[in-house]
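Asks: Here you go, one structure.
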Amino acid sequence: MAKLIVLTLLGMGLALFKNHQFSYQTRLNALREVQPIELPNCNLVKGIETGSEDLEILPNGLAFISSGLQYPGIKSFNPNNPGKILLMDLNEEDPTVLELGITGSKFDLSSFNPHGISTFTDEDNAVYLLVVNHPDAKSTVELFKFQEEEKSLLHLKTIRHKLLPNLNDIVAVGPEHFYATNDHYFLDPYLRSWEMYLGLAWSYVVYYSPSEVRVVAEGFDFANGINISPDGKYVYVAELLAHKIHVYEKHANWTLTPLKSLDFNTLVDNISVDPETGDLWVGCHPNGMKVFFYDSENPPASEVLQIQNILTEEPKVTQVYAENGTVLQGSTVASVYKGKLLIGTVFHKALYCEL
């Protein structure tokens, strides 16, 4: 009788394991391959070899780029050096990148590990850069003031909070006010891996201000990119392993109400919003298995989607760029400026194309 019980439990466990394995492969889109879609006059950005995970373009064409991310379970081509923030002037004929110096006596450059970024410009046209940072595998938000003449960042503050344990991306709504995504619930690496494998949709979005911090949306299977509409009325959240982008209405008290969700056949990462049209530009992973289990002989592909009229009954989704990894591996973000498209990656290079 005991043997029968054990065999039954083993059988149930094996069936459960196989179901989760199938679900895991489905969530990672493990079987998808892309058909290439090329753009004219594409050039790799000189000076970017170890990632351009997130980027933000100011109205004047200056682009901030976070580079050198080291994220658990993800490939790094430069694992022994800190990350950096790069600056690129998209008004130049053949733009190159410049590493921004960081000043501020209390900031530890040696453990700088930048992830998602966002800018906020105040009434005096001062530009603040908010950076998700992972020093020593922890999560903080670093607040910088951009000093354009000196081409540097002045570190003003480090933000930590118990509701910001596993930060991924951020969108600033004030110099010290933001929405941010936590892509995992657990802090422990072992529990994080099981959380992801089992598909526990426990990640969440937080609103932060110096006076209050609260969860404003939850139940995500790996909450990833986040951004806001040009009029500030709607917040967009990418749910990576569910292949969805969620639209929320933002209220005066900073709470969010879900409005709609869009489904995709790709893993949606960071979201950029065109300030003029309101279009969403999304860096995507067609096959997440190739990102999380890197093989240089079979590298992860890249894909960029444009979403027009997302608030209407029938949004228009266009696959603008797709490539199988021979040029660009693991696209995470895409943003437009004056007819040009800048595409970043989690650990690889960056590409600049004409649309």
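Each Cβ is built from the backbone N, Cα and C atoms, and glycine gets one as well.
Just so you know, TrEMBL annotations never went through curation; they're auto-generated.
Marked as active site, proton acceptor by TrEMBL: HIS115. The feature Ca(2+) 1 binding site is assigned by TrEMBL to GLU53, ASN168, ASN224, ASP269, ASN270. Summarising the annotation, TrEMBL assigns Ca(2+) 2 binding site to ASP54, ILE117, ASP169. Per TrEMBL, the feature disulfide bond maps to CYS42-CYS353. As annotated by TrEMBL, N-linked glycosylation site applies to ASN253, ASN270, ASN324. Marked as signal peptide by TrEMBL: 1-15.
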Asks: Distance between ASN253 (N-linked glycosylation site) and the residue listed as 'active site, proton acceptor' at the Cα atoms, whole Å?
Replies: 28
Asks: Between the residue listed as 'active site, proton acceptor' and CYS42 (disulfide bond), find the distance joining the two CA atoms and give it rounded to the nearest Å.
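Replies: About 25 Å separates the two Cα atoms.
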Asks: Using the CB centroid of GLU53, ASN168, ASN224, ASP269, ASN270 as the Ca(2+) 1 site centre, which other residues of the same chain sit with their CB within 8 A?
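Replies: Surrounding the site, in chain order, are ASP54, HIS115, GLY116, ASP169, GLY225, ALA238, LEU240, GLY283, THR332, VAL333, VAL346.
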Asks: Out of the recorded positions listed (CYS42, ASN324, CYS353), which are within 10 Å of ASN270 (Ca(2+) 1 binding site), Cα to Cα?
Replies: none
Asks: Beyond the listed site residues ASP54, ILE117, ASP169, identify every same-chain residue whose Cβ lies within 8 Å of the center of their Cβ atoms for the Ca(2+) 2 site.
Replies: GLU53, LEU55, GLU56, SER66, HIS115, GLY116, SER118, VAL131, VAL132, ILE170, GLY225, ASN270, VAL333
Asks: Taking only the Cα atoms, work out how far ASN324 (N-linked glycosylation site) lies from CYS42 (disulfide bond), in Å, as a whole number.
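Replies: With distance taken Cα to Cα, CYS42 (disulfide bond) is 15 Å from ASN324 (N-linked glycosylation site).
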Asks: Quick one: of the binding-site residues GLU53, ASN168, ASP169, ASN224, ASP269, which has its CA closest to the CA of CYS42 (disulfide bond)?
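Replies: That would be GLU53, nearest by Cα distance.
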